[in-house]
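Straight from Swiss-Prot, the features:
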type	residues	note
MOD_RES	T83	phosphothreonine
MOD_RES	S207	phosphoserine
MOD_RES	S210	phosphoserine
REGION	222-256	region 'Disordered'
COMPBIAS	237-255	compositional bias 'Low complexity'
REGION	344-417	region 'Disordered'
COMPBIAS	370-395	compositional bias 'Pro residues'
COMPBIAS	398-417	compositional bias 'Low complexity'
REGION	443-512	region 'Disordered'
COMPBIAS	449-463	compositional bias 'Low complexity'
COMPBIAS	472-491	compositional bias 'Low complexity'
COMPBIAS	501-512	compositional bias 'Low complexity'
DOMAIN	513-871	domain 'PUM-HD'
REPEAT	538-573	repeat 'Pumilio 1'
REPEAT	574-609	repeat 'Pumilio 2'
REPEAT	610-645	repeat 'Pumilio 3'
REPEAT	646-681	repeat 'Pumilio 4'
REPEAT	682-717	repeat 'Pumilio 5'
REPEAT	718-759	repeat 'Pumilio 6'
REPEAT	760-795	repeat 'Pumilio 7'
REPEAT	807-844	repeat 'Pumilio 8'
Amino acid sequence: MEMNMDMDMDMELASIVSSLSALSHSNNNGGQAAAAGIVNGGAAGSQQIGGFRRSSFTTANEVDSEILLLHGSSESSPIFKKTALSVGTAPPFSTNSKKFFGNGGNYYQYRSTDTASLSSASYNNYHTHHTAANLGKNNKVNHLLGQYSASIAGPVYYNGNDNNNSGGEGFFEKFGKSLIDGTRELESQDRPDAVNTQSQFISKSVSNASLDTQNTFEQNVESDKNFNKLNRNTTNSGSLYHSSSNSGSSASLESENAHYPKRNIWNVANTPVFRPSNNPAAVGATNVALPNQQDGPANNNFPPYMNGFPPNQFHQGPHYQNFPNYLIGSPSNFISQMISVQIPANEDTEDSNGKKKKKANRPSSVSSPSSPPNNSPFPFAYPNPMMFMPPPPLSAPQQQQQQQQQQQQEDQQQQQQQENPYIYYPTPNPIPVKMPKDEKTFKKRNNKNHPANNSNNANKQANPYLENSIPTKNTSKKNASSKSNESTANNHKSHSHSHPHSQSLQQQQQTYHRSPLLEQLRNSSSDKNSNSNMSLKDIFGHSLEFCKDQHGSRFIQRELATSPASEKEVIFNEIRDDAIELSNDVFGNYVIQKFFEFGSKIQKNTLVDQFKGNMKQLSLQMYACRVIQKALEYIDSNQRIELVLELSDSVLQMIKDQNGNHVIQKAIETIPIEKLPFILSSLTGHIYHLSTHSYGCRVIQRLLEFGSSEDQESILNELKDFIPYLIQDQYGNYVIQYVLQQDQFTNKEMVDIKQEIIETVANNVVEYSKHKFASNVVEKSILYGSKNQKDLIISKILPRDKNHALNLEDDSPMILMIKDQFANYVIQKLVNVSEGEGKKLIVIAIRAYLDKLNKSNSLGNRHLASVEKLAALVENAEV
C-alpha cells in the first residue's frame, strides 16, 4: 500500500515537471519526444506523463487519464486511477471513419469492435503504414475539429510530420480561440436541432483526446444519450469520459479536489456568473443545470418540445435544478408550467482579485417549488424561461392602473414636446386591455394611432404573444400633421360602421337607382310648368317601382280614380303578388287602399284572399292596419266577418296595441255587434281596466256607441262603482265625458249613470274644477246636463246674494276657482251657459274681484290670460 502511494506521488511529481517543461518548451521537437516516450511504453513514457491542474478542469468523479490508455489496461496500470487532465500527445487520427462517424455520419456512435486499447507495436505499425496516406485526411479532420487537441506537449495529431501544426501558437491560445468560436456557434443556433449542434461542438473541442471513450459507449447509442453523457463528462473533467467502475476511485483524490470551485468552461461569457450547486435546497442558486435525457431516437422524428420522444412513451419528466418537476408533453403544458419556474435569486460574485461584488437585484422566485437534486450539471447555463414567456393576464384593477399610468406618461410626453419640439421622447407600447365590443369600437374610432386609423402602423409588428396589441404611438408632430386628414377620414369611416344607428341612417340616405321613366315623372312633378301626359299604361313594367316611390305612388292614386278598368287591371296584375309587401310600405299602402276604393270586385276579392291567414300580422303593422280598415269599409259583410274572426283569439292584444285597436274599432263600426259576440265576451271583467287604458278607452266608447242596450248595460254596470276614479283618470275621464254627452232619449241605464255622475260632480265641484282631468268632466256636466242638473252644479259656486258677491272672501268657491289655472275655464263656461239671476251674480262677483286686484296693485293674477279673458267677458255682459 505504501509502495503504491509512493509510486503515485512520484508519478504526480513527474506529471507536474512534464507540464512545466511543456509550457517552457512548446516546440514540436519536444512534443514529438514526449509522444515517442508514450508510444514506446517505457520509463520515459511514464516520466513524460503529467497532470496540469487548473481550477476550471477539476472534477469530483473518478476518471481515467486518456493518455494512460496507451500504456495498458485499467487493471494493470497503477497510474490509471489518477484523475488529471492529460498533457501528453493525442493519439493519431484513424482513417477508419466508422470509428468516429459511424454509418450515419454521426461521430458520436462508436462500435465496440474498435475499442481495443492500442499497444506500442500496433501503434508504430499503424503510424508507419498510414502516415503518408492519411496526411490530407488528418488535415481536414484537424480543421473540422477546430485545430485543438487535449495534449499540451505535442502536435494536434501524431502523423510524423513536424510541420503539420502551426507551432507558433501555444495551447492556451488555441484553446481560447476554439472556445470563442464554439461559443459564438452555440449562441447563434436557433434551430430545433440545436442540441445536436451543441454536442457536435463539444465533441470537436475534445475529440481524440482519449480512446477510453470507446470502451464506454455501446454500439449505435442514440445521439441524445451521447449528448448528455458528453455534457456531463466534459463539465467535470474537461475530457470525454464515462466511468465504467466506481470501485477504482481514490478517496484521497476526491477529498483533495472537493474544495476546487466548479466552473463552466464552455460558455466563456457565463463562466464568472454561473456556479453550479448540488444542494437541492439552494433556492438562490445561480447556475441552472439540465438533467440527463432519457434514451430515445435521435432522428428528430418528433417535435422539439417533446425532446425527440414519441408521445406516451415516458411517465416521469426530467428533473431540473431549481425548477418544478413537470412533464414536457405539449407546448401548452410546457408554457403553462414554465410560467411558474424558479428565477435565480441575488448572489454575490467574486472578481479576479478575490473581492466580492454585488450583482444586480433580481426577483428570487415566481413560485417556490421543490427542486430535485442536481445529478448531472449541464456544461452551459440553461436560459431563463421567463425571458421567452408571455406575461400573465392582468386583473381588472391592474388593467385600470396600467391604463392610468399610460395616460399619465402620454400627457407628460405631450407636455415635454410642447416645451421642446426638437427632442424625441419614446413612448412604450401600451398594454392591451380586453374590453367589451362597444368600448373597443369607441376606442378604435377615437384613437388615431390604432392600426385601423393610422397608416404608419403598416410596417409595425405587434407582440405575437399578446392579443389585440397596440403598436407604439407615434409622437412626431410632423407625422401627426401630415396624417391628420387620413385619420379624420378613417375615423368617420369607422364611425359609420360601428353603430347600428349610423348604419340605419346610412341605409336611409342610400341613393336608389331609379328608372328613367320614374326620373321623368319626378322631374315633371317638381316642375309646375311642365305638362306631363303620362298615364297608367305608360308605366307598364314599372308599377312596383312606382308604388314604392313617393311621387310614383301619388301618380297611381290619382290615376286610379279616373282611369279605365283595363288600365287598372294591367297595374293590378303587376302588383297583386306583392300586395302583402306593399300593404306595409310607407307609400305602397295608399295604392292598395285605392284599389279597395276604386277597384273591381274581382280585384277586391283577390286582395281579401291574400289577407286571409295574415290578419293578425297585418293588423299589428303601422301601415297595413290602415289597409285593413279601408278593406272593412268596402268589402262585403261576409268577407268582413271572415277576416275579423281571425282575431277572435287575440282581442285583448289587439285592443292594447297602438295599431290593432284601430282595426277593432273599425270592426265594431262596420259589423253589427251581434255578429261579433266574441269581442264583448273577451272584455268581461276588463271594462274598468280597459277604460283607464290609452287605447282601450277608445274601444269602450265604440262599444257604448254601437252596442246594443244589453251590451251597454253590461258595460255601465261594471263602471258605476268606479265613477269617482274614472272622473279623475287621464283616460277614464273620456269614457265619463261620452256618457255625459248622451241625451235623455237613450236607454234608462245610461240616464241613471249620467245622473249619478252629475251628483258626484256637484258635491266636489271645486276640487274637480281644480283637477287637470276632472275639470273636463265638470265642463261637460255644465254643457250637456239638463236645466236641473246645471242648476245643481251652479248652486255650489254662486254667492248667496248681491252683497255677498261684492264682498267675497278669498276662500270662497268663486274666488278659489278664478285663481286656479284649470278652474277658471269652468268659470268661463258658467258665464256663457248661466242665465238670469245666476249669471248676474257671477258677473258681479268677477268684477268685484278684478277691482280689488287693481286697487291692491297686486301683480299676482292681473296679467294672466284667463283673468283677462274673464274681464273681457264680464265687461260686455249685461246685468
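Quick reminder: no glycine exception, Cβ is built from N, Cα and C everywhere.
Counting residues of the repeat 'Pumilio 3' (610-645) by DSSP class, helix then strand then coil, yields 27 helix, 0 strand, 9 coil. For the repeat 'Pumilio 6' (718-759), the model's average pLDDT works out to 92.
Helix, strand and coil counts from DSSP across the compositional bias 'Low complexity' (398-417) read 20 helix, 0 strand, 0 coil. Residues 514-515, 517-518, 521-522, 525, 582, 585, 587-588, 590-591, 594-595, 598-600, 603, 606 of the same chain sit 6 or more residues outside the repeat 'Pumilio 1' (538-573) yet have a Cβ under 8 Å from a Cβ within it. For the repeat 'Pumilio 4' (646-681), same-chain residues at least 6 beyond its ends with a Cβ under 8 Å from one of its own Cβ atoms are 612-613, 615-616, 619-622, 625-626, 628-629, 632-633, 637, 640, 690, 693, 695-696, 698-699, 702-703, 706-708, 711, 714.
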